[in-house]
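Taking it in order: structure first as structure tokens, then the write-up.
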């Protein structure tokens, strides 16, 4: 073979090498390209708030989600894993830092796909020196009239929502704070600021108590507090203002209650009584009033002490008409008399006397013990089936002792005149005149009534005076 053959072989070898490179480039272009290196996390910092340490970092945006691994190292110790394969940018390292007064470091690396970045390391962190502490708790109470009690609560160590204790007098908490109380007093538009220091003798493991004397509690007070660690020179955050309103004397309020409450009860009782009295009187005004004529009858019946005797009705079959007596049959509307006879004059006089007795309402002449008047009257009602209205039989004497004439009307007079005379009954009636009594004989309080005499012939031969309906009332009924 000559030199030409050797040169041809060399050219062929070069072509094969170039084609192999081109094929490998095309194959890798179809797959996802991996970055030549994974970026390192930046700004790795350890922070602590109320002794709760946390390490945080920053990382650039990637097409794939990166995951991180965190390691912690304390002074004179080794690196230990705290958080592995997390996607968050913060990790709590409370469990790895057992002593807050010892220096600690943290480092973080990222992993994207199958490649990992280098570790990014934080600066030295001393929790008791560089950590932050929140404000203490505060509460105000009125202890006396011119004294306020301020309660300051130590900051708490809270990890994952659970309290791990308070920051007071323990090496694991590294802080014992000296508290300063700030008082803002608004007095008549002028704002006064004062400071009060809380002594350690006034504190325990939970709180500190401070008593503040004030001149008066009739103005507004606002109080806040903060603390400082004299060894580490760490100051807490200042608390929010807690204000107490002006003081009001409760004794004055109690006196007002004691005065107003009885007055209110008394007023309510008066109103209820007035309402009840008004309702009672309104019912009385609606009650039915009796006529004067019925009131006289009720009064006479009430004042009567003698027991009532039975009524004996004289019928036309057993008449007791005397020679000197006249039967007056009253029609429903009027009584018919002869105008020219002397008996009419006496009858008119008798009716006047009867009206006078009725108008006066006197019952003295009707009692059994009163002496007989010059004019004696005895009456009875004649009830008959063939008569349309009641009749009254009236006997009267003239003033000179002789019997007067007779006045009659209708057929009832002729029936009575045909009856035989009974002289013995006449004499008995003249010597023993029966007393007159009123008795209610009416029906219906809303109808007019007329005076009616009824003879009572039981025992003492008494006469009873009653009432009957007038013709006008009978027509209405």
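For all residues, glycine too, the Cβ spot is worked out from N, Cα and C.
Some features that Swiss-Prot has for this protein:
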| type | residues | note |
| --- | --- | --- |
| DISULFID | 83-91 | disulfide bond |
| DISULFID | 128-174 | disulfide bond |
| DISULFID | 203-208 | disulfide bond |
| DISULFID | 222-243 | disulfide bond |
| MOD_RES | 362 | phosphoserine |
| MOD_RES | 370 | phosphoserine |
| MOD_RES | 379 | phosphoserine |
| MOD_RES | 402 | phosphoserine |
| MOD_RES | 445 | phosphotyrosine |
| REGION | 335-386 | region 'Disordered' |
| REGION | 402-446 | region 'Disordered' |
| SIGNAL | 1-25 | signal peptide |
| TOPO_DOM | 276-477 | topological domain 'Cytoplasmic' |
| TRANSMEM | 255-275 | transmembrane segment |
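Location within the structure of each feature annotated in Swiss-Prot.
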residue: 83; record: disulfide bond; DSSP class: strand
residue: 91; record: disulfide bond; DSSP class: strand
residue: 128; record: disulfide bond; DSSP class: helix
residue: 174; record: disulfide bond; DSSP class: coil
residue: 203; record: disulfide bond; DSSP class: strand
residue: 208; record: disulfide bond; DSSP class: strand
residue: 222; record: disulfide bond; DSSP class: strand
residue: 243; record: disulfide bond; DSSP class: strand
I need the CA-to-CA distance for residue 174 (disulfide bond) versus residue 83 (disulfide bond), whole Å please. 26
Cβ neighbours within 10 Å, counted over all protein chains: which one of the disulfide-bonded residues 128, 174, 208, 222 has the most? 208
Under 8 Å between C-beta atoms and at least six apart in sequence, can you list the same-chain neighbours of residue 243 (disulfide bond), or say none if there are none? 220, 221, 222, 223
Residue 83 (disulfide bond) has its Cβ surrounded, within 10 angstroms, by a count of other Cβ atoms equal to 19
Which of 91, 203 (the disulfide-bonded residues) has the most other Cβ atoms within 10 Å? 91
Which of the disulfide-bonded residues 83, 91, 128 has its Cα nearest to the Cα of residue 203 (disulfide bond)? 128
Distance, residue 83 (disulfide bond) to residue 128 (disulfide bond) (CA atoms, angstrom): 23
Model confidence over the topological domain 'Cytoplasmic' (276-477), averaged pLDDT: 49
Quick check for the class: what is the C-alpha distance, in angstrom and rounded, between residue 83 (disulfide bond) and residue 208 (disulfide bond)? 39
